Amino acid sequence: MSLSDSQQRRPQRQSVFSGADPACIDNDGHEENGDSSDPSLPPPTPAAAGQASRHWRDVFWLCVFLLHLLVFGFALALLGINRFNRADRLNIDRFTNLTGGANFSQASFVQYLKQTDTAELTETYWPFYGVAGGASVLLAWAWLSLLRIRASQMMKVSIHILTTYLAVVSVLCFWAEHFFWGVVFAVGAALQFLYVMSVLDRFPFTMLVLQKAVKMVLAIPDLMRVAYAFMIIMLCWMILWSFGISGVIASSLDDSGCWWLLVIFSVSLFWTGAVFCNTVHVIVSGMVFLVLMHGNVSAASMPSKPLLKSLRYAVTTSFGSICYGSLFTAAIRTLRWKIRGIRSKIGSNECLLCCVDFLFHLVETLVRFFNKYAYVEIAVNGKGFNSSARDAWELFQSTGIEALVAYDCSGAVLLMGIILGGLLTGTCTGVWTWYKRSDKLIMVGSTAILMGMILVGLAVVVIESAVTSIYVCYAEDPFLIQRWDAEFFDQMSEVLHERLQYRSARARQVMDQRFDQLPDESHV
């Protein structure tokens, strides 16, 4: 498919934020001046046009997420209070295995109670997480602040320093005799290095897209305020979460039991953080899509209070879809990036190529139903998550934009910044923990890394939302991008043309190889 074919495609859908009546949209997606058949009819109101298209979606997952918050919030409060100021305040320790088996008698339990004055308390570890929260907020604020003046340099630092930082942390883990974590960070450093080497030629285009996304975000100052507001809300939940986690680490459970609880509560925090990030994603996507549709944020055709409308839709009718997509999207995206990087560097090893191709096609099938571009469709059209993901992916494939999306590494670059922010948070927390309680260094440090990644992710997602909105708008109607930035439109079109040519040449090469392998009929 050529670029001219994709340019002929015009959006057949009506933005729910628009003040136009769907009946006043012609077949090419442009507004008409009203109903020519009856000019006496009053013009439609913006509220009627927006609200008529909104229905509650994925309500089951909304209920699951809210129930999860209630259950885990109660459990975290209970575990934190049990060790606050006094050990075993709620007598929970009698349900734990303190001696390693059924030989734990009532006499030994009484003996344990006599020793509770020297037992560890919640407030022993809670200050460590205070450092983690403060460092995370400081890094997130610095990221958003430096975004205004040194965006390109920040992206490059994230790419080049992460591999080195992972390697240094790995060496420190080996030095502290934490061999498992040393191996984990060493493998992470190796994979990061291999991935960067495999996609090095894509970084110029990636940096171009990120710079234009930063330009879009800075043109809408309210988007920064949204990020700050959700950081504060997430930090409030983290206060409760770290309170309960401190109680878990201070509890009488053995290390195995503590780790199981830490993993469970970390998964809960990851889901909660992903929901908050994707809520910001939907809000920002709705605003960016509107700005591109109307030309600029101060255009006379812009609907009234668009940010409030986007926020209201994100936290009400579309919140269930956000909760559902947040469970799977991040993991599938990360797996897809790694497989693409490995696949491009395999060479002629047919056995390995066959295995990687199987995984690649499996992940591509999942991406069809779980991708980040669904959040733009959710923001604009209010559909369910799976429908939005499928529509976005089919739009990209039908217009050829999928070749451009696959070539872009902006999501991976932003993820590197998130991981780096988490590692810096974990380092700040780990240094203090090392001097106070070195035996709990890994438990506190690993959970602090997760806290840092989530809070920095809330800052980074503003840029990622702008990137996804730009691609969806380019697929819907390239004229929107051309009107916003003609030079950027020409650059995107040129890269798209190159990628489509590359794919065509590769497909011909594969077909030629298959025909060459067919038996020669003249010798049969």
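Note that Cβ sites are derived from N, Cα and C of the backbone, with glycine treated the same way.
Unlike curated entries, TrEMBL annotations are predicted automatically.
Between the stretches 313-332, 353-372, TrEMBL puts its transmembrane segment entry on 313-332. Using a cut-off of 8 Å between Cβ atoms, the transmembrane segment (412-434) and the transmembrane segment (259-292) share fewer than three residue pairs, counting only pairs 6 or more apart in sequence.
Non-local neighbours of the transmembrane segment (441-463) in the same chain are 125, 128-129, 131-133, 135-137, 139-141, 143-144, 147, 176, 178, 181, 210, 213-214, 217, 223-224, 226-227, 230-231, 234-235, 238, 242, 245, 249, 258-259, 262, 266, 269-270, 273, 276-278, 280-281, 284, 414, 417-419, 421-426, 428-430, 433-434; each lies 6+ residues outside the stretch with a CB under 8 Å from one of its CB atoms. Counting same-chain residues at least six beyond the ends of the transmembrane segment (226-253), those with a Cβ under 8 angstroms from any Cβ of the stretch are 73, 75-84, 88, 92-93, 96-98, 112, 119-126, 128-130, 132-133, 137, 140, 144, 261-262, 265, 268-269, 272-273, 276, 279-280, 283-284, 307, 311, 440, 443-444, 447, 451, 454-455, 458-459, 461-462.
Sequence-distant contacts of the transmembrane segment (126-147) (same chain, at least 6 residues past either end, Cβ-Cβ under 8 Å): 80, 154, 214, 217-218, 224, 227-228, 231, 235, 238-239, 242-243, 245-246, 417, 421, 424-426, 428-429, 432-433, 436, 444, 447-448, 451-452, 454-456, 458-460, 462-463.
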